[in-house]
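Feature list (source: TrEMBL):
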- H270: active site, proton donor/acceptor (ACT_SITE)
- C281: active site, nucleophile (ACT_SITE)
- 186-304: domain 'L,D-TPase catalytic' (DOMAIN)
- 46-69: region 'Disordered' (REGION)
- 12-36: transmembrane segment (TRANSMEM)
Amino acid sequence: MTDEAGQARRPGVRAWILIAAIPVLVVALIVLFALWPRADAASTAGRTAPVSAIERPTPTPTPTPTPTGFPADTRDHDAAALPQADVFAVLPALPVDEDPDEAFTGHTARAASDVIPVWADPLADPVASLPRDYRFGGTTVPVVEMQDHWVRVLLTGRQGVASAGNPAQLSGWLRTSDVDLATTDTIVEVSLSARTIDIVRSGVPERIATDFGSGTEQTPTPTGRSFIHLSEVTSFDYTRGLPVVYLSVQSPALDGFGGQDVAITAFHYHDERSGTISNGCIRLDEAAITKLAELPQGTGVVIRP
């Protein structure tokens, strides 16, 4: 019985041993598979990894600047045969300043030769001339617009007299190749309503007047931008031997004044110098007119209502 019982138990023991060995076998297979060299690893063993080519950036070409504004006019023109833009001139072909409330550019222009042409339209032919020197000034002019080949400037003279046309501030175009350009940091600012005058240098104002005489309702002081075209001592008794500072703009109401066929607006001394009492000029005391007379030709002036 004992032997039979033992024989009956032996298969059960072997079964349990076999079952216990299965996990060990599975672990061994997993380890073997993990350590077995892979085909792709074997195929690349001993090889040096290729060095990728360095991609060098393609240099960006420097763009050629596009000229701004009107194209150049390289033609020769007989400027001496054209009517001269000066204080006495009436030049219907030239336009008045189309932007009287805009700022100046901070540049002035002067003819680089004895006389140069002036254009109303840079795409057409010139219609006037500007001399380098002239007894009554107006040859150093403020630039109000700059382009690569052209500058738009203010000029002396009128498009028409007050009774028959537009006497407002005149303007025109000059070739940059025809002029000497200079920089300026000074303008004069006048307020008719506040009764003040400032000389502004590099944006810093110097108040030189807190009252002055100006034009009446019938003969008003012209507003907008203009420039100093001449300063000189005259024989007028009312100026007391002090200089008169002439502006480029003329009266909006008078064709002429004092027996002359011009009606120039000016800063000058006068004993009576308060309120709207003049024919359009701005009357000042001695200190103020002396300071204004020190400013160079071409200095911009802005007169606001």
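Even glycines carry a Cβ here, placed using N, Cα and C.
Fewest Cβ neighbours within 10 Å among the active-site residues H270, C281: this applies to H270.
In this structure, the CA atom of C281 (active site, nucleophile) is 10 Å away from the CA atom of H270 (active site, proton donor/acceptor).
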